[in-house]
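Everything below concerns the one structure shown next.
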Amino acid sequence: MRWPPWASDTQAQQQSRKSSSEDDERQAAASSTTTSKKKDWESSVTAIDWAAFTEARTIIPTLILTSGFLGAFYIHRRYLRRFPDAVSITPSYFRRRSLLGQVTSVGDGDNFRIYHTPGGRLAGWGWLPWKKIPTSKKELRDKTVHIRLAGIDAPELAHFGRPEQPFAREAHQWLTSYLFGRRVRAYIHRPDQYQRAVASVYVRRLLDFPPFRRRDVSYEMLKRGLATVYEAKIGAEFGGEAMERKYKKAEWWAKLRGVGLWKDYRRNKTKWESPREYKTRMGLEEAAQPGVEIKK
């Protein structure tokens, strides 16, 4: 306010200072109030409401999501995990579980390769665009499981400089026509020293009678005289004593009828040679050559 002309300068100055001091106090009080409100707001924002984590609306969805994730992981690891080769098969499969796959090649009368298709058609193999089974050798390289049929020994084809055994080609051709391109189930017993999985293999075929009946491939070969019962004392796998007796009975019946490799057995017993005897003889002949491994 304006002071009268007769007022002294000292009174005017005192009043001005008093007014200025009051303004400063009001501003300080307002600033303090604002700061306090800001701190209260920040505290409310950053504070953790621990009680909310114990409420049912929080616990139930969390349990459902966690259980679903763990369940999906377990199912994938146990049922949908694909093995690219025999070396990758975990020990939990040996003598307990099986592999489902499609036969991509047949190397001999008692071994072949499958492309592992866990879950089969139910998991999309063969009809989903991203689950097609490769067909070319380049695509299949390092992606197939090498299977050795359990319980049998088929005649040897010519390889590693060794001559072909009688009925080796017939056994190979039959196994190729019986399995190539088909889905098989292999019950894994163990791995062998050649990075193969020794397995009892079963297949279902439309043209068999009765159709789609599960067939034991090893048994079918023994019955037709295309293989002998595995004779090695170490490393023999049959899938149990009952299967061993069944295989020996099938071999005895084929020998009695003189079918397949048993055709000339009675007339020429002294020169007849089983696959086991053939490999033993070849091994003895190659004993002088270091680094040569005898195939089992």
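In case you wondered, yes, glycine gets a Cβ from its N, Cα and C as well.
Some features that Swiss-Prot has for this protein:
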type	residues	note
REGION	1-36	region 'Disordered'
COMPBIAS	8-18	compositional bias 'Polar residues'
TRANSMEM	59-75	transmembrane segment
DOMAIN	97-264	domain 'TNase-like'
ACT_SITE	ARG148	active site
BINDING	ASP153	Ca(2+) binding site
ACT_SITE	GLU156	active site
ACT_SITE	ARG196	active site
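Using a 10 Å Cα-Cα cut-off from ARG196 (active site), the recorded positions that qualify among ARG148, ASP153, GLU156 are ARG148.
Across the fold, the C-alpha of ARG148 (active site) and the C-alpha of GLU156 (active site) stand 13 Å from each other. Here the domain 'TNase-like' (97-264) has a mean pLDDT of 94 out of 100. Long-range neighbours of ASP153 (Ca(2+) binding site) (same chain, six or more residues apart, CB within less than 8 Å of its CB): ASP110, ALA227, THR228, VAL229, TYR230, GLU231, SER274, PRO275, ARG276.
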